[in-house]
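The structure under discussion appears below in the form of structure tokens.
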């Protein structure tokens, strides 16, 4: 296949770097002109294959051309039309009860083909380019191997493309994508039509409803279907055929721009883009259609979670190491009324509960910048977000700088980086957060605050279970916690924002070290606040659940089938699920710092807010958390629960407007964002319709504008007056906040082993085990003793006809009684004999490896190296086992060999010193970090321990790619020094000297 001519230099640059405002696409060529009178020209779009080949992307047509008689039809198109026509014929000929069952099964088949079939195929293509390799292996596009198949495929593709398409000049990846599109069209269209036929076969007119409800039902259903069509159309206008058919799985075509409807909701094609399902369910009036729609929608979300999001992360993501220490400089004092955040562009920074604010996961493509408000440049693997300040991002990622005087401990040991110069965000985060309980997550019964939380929750639940007629008491109980959570804690937070009330309280009543400079009071105030806030959140939900339980009664079977009970329960469960999802999404963006309102207490983090995750679409996603209250009101059918839901919604509205928003204005001034993505999209659509209405209203347009302004002014006035009344009432009834006991952290871990059901090969008689051999290459000292984490090389020898799925595993000596069949799991400690060819689908190399000169013609020899996660990370004696054909038949053994960890001896063998521990860690830590130069401490590379690194970090600092590496260090320390440290502690320290000091302190405490 000949390669196309390389694009001009400016177009090559355009492939890698394009403006956000560009709306070019492979499905509709864009035109541009420098001046109004300049002739229009077609803008060329360039693509690039994984191998680096650059080609011109031709124009494609959408799926609707299948039904246009003016476009030629391929054989696959005719098959598609035949399948669609068959469905229509069956719908009109089959009896309704048969039609209902048939189309249910038929729709289930196409839905499975979409979510399971396409998801599986696209995942393999994304990971290993499986589809392209299959086409290449089968020779479908090879003119020498299968010319007839190639000619047929060429005719099918060329007939549907435009004049700018050349089958012979385009790369294999692009032609394979076009062929794949044909299959996708068959699945999508048949899936859609089968659902419609099933829904129509279930059509009925619900009994017992008034004419008004029937009219509202039809209007609502039609509106949802129209909204569905609008979302799909707008989404296709944004992503074009390239994104619609997952083109980035096959080749790159520059950066994907997500704006318009993609600002309305997360993944609109998979979320709100299925609103038509529920609209059609309303129209046909069938619970069966509703529940099938819910199941199909859930399957689509499964496709998103298990294929789409991982593919986006693989394609556009960027690995970021954990425990990165980036020193931050002290910030200048800031005036509350004059501060404003300068606009800048940063990648998404989502904080998790186990990482610092600088250690954020990579953003998804759909969280990129929009083409509606920015003309900044983006690259094909990065998407940027404009850094402005949303009003709800009060609890968002904010960071301030802190500097402290360097010091040394009383024993003269090197100080931890946390006590030197400018502190890093990593250390600052772990100073204030220690695996805090979030609702019931991270609860530790050996922590006093967590034990108290479980105790009070148990009392609340026990009182509910007791058969007492105390419904008013439960309502008052739930109302009290609701008001305390919103108004009580809201007033406390506002006082903290205005005059540091909590910090001043602890400074006034408690003693702290002289040189503490108030940091101890801040930490203690924030620690106790976290416990109070989490307890209040838990009791608010538990007391609500107890009230709903007391008011709920199981409906009779007749009401389930004839009344609205089933609908109420379904909608209530959906609202509760919506609340859970929004809370998880909010926590993913906010992290521990934002979840606990950290910026009300900690001023050491440099302030910056970012529109990422759910905050890209909503300024205050916490409002959705009220969905649980209304959902339980629907399920229970209780007016008391509904009244509590309304009170909670109004009180949370006060909290946002009177506590969070003023604090945001105090910190960031006038730079606060007014409209979120959802509101912007709605306003754009409304303005478009208003302009359309004005153009048709004629002379009545000024009167319509005047009425609209008056209505808006009335709502604003009511809002302000209501806020003033509530504020005046609360000013007279401020509650007092009591203290809670300081948290004590105890971390426990347990390990477990897994057993396997051994699979035995049936063709073992064809292989002579005497011709198989493995041998362990001795370590540097010439023995079969390897230090923990040290790579282990194994040489193997097997007959030429051996299975290419053979593998070698490491097992502890004595774990398997038989030398013929392995009965236990390798726990991940195994390596394939042929790397990259083990899974048995299609070998990457179709030809067998060439034998080296002088090798036996009857045998194949090679070597595998065990490193990293496939090594044993516990000391002891192990053995190697060579297994046959992906099964557990043992063909050869070698061993035993020993894994050990050595403690460096400096002075006295029986005494641990700082130098002894640090020297041992200098051997252990690099091995646990896979000897990655970008991760290991610079002091382990021959640098002086006292010399500062060029990038400003301590020479003893180290980093991680994954938490698994921290777990290795934890296991190594436990086996070397008999000191247990959790991976969280390892990540928090991430410094040789800090770990050495911690180990010595632990040994001293344990010896007492």
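Count begins at 1; order follows the chain as displayed.
Heads up, the Cβ atoms here are built off N, Cα and C, so glycines get one too.
TrEMBL tags one of the stretches 101-123, 124-146, 147-169 as transmembrane segment, and that stretch is 101-123. Here TrEMBL gives transmembrane segment for one range in the set 39-59, 60-80, 186-206, 249-269: that range is 186-206. Ranges compared are 12-31, 212-231, and TrEMBL records transmembrane segment for 212-231. Sequence-distant contacts of the transmembrane segment (101-123) (same chain, six or more residues past either end, CB-CB distance under 8 Å): 87, 90-91, 94, 130-131, 184, 187-188, 190-191, 194-195, 197-198, 201, 246, 249, 292, 296, 299-300, 302-303, 306-307, 310-311.
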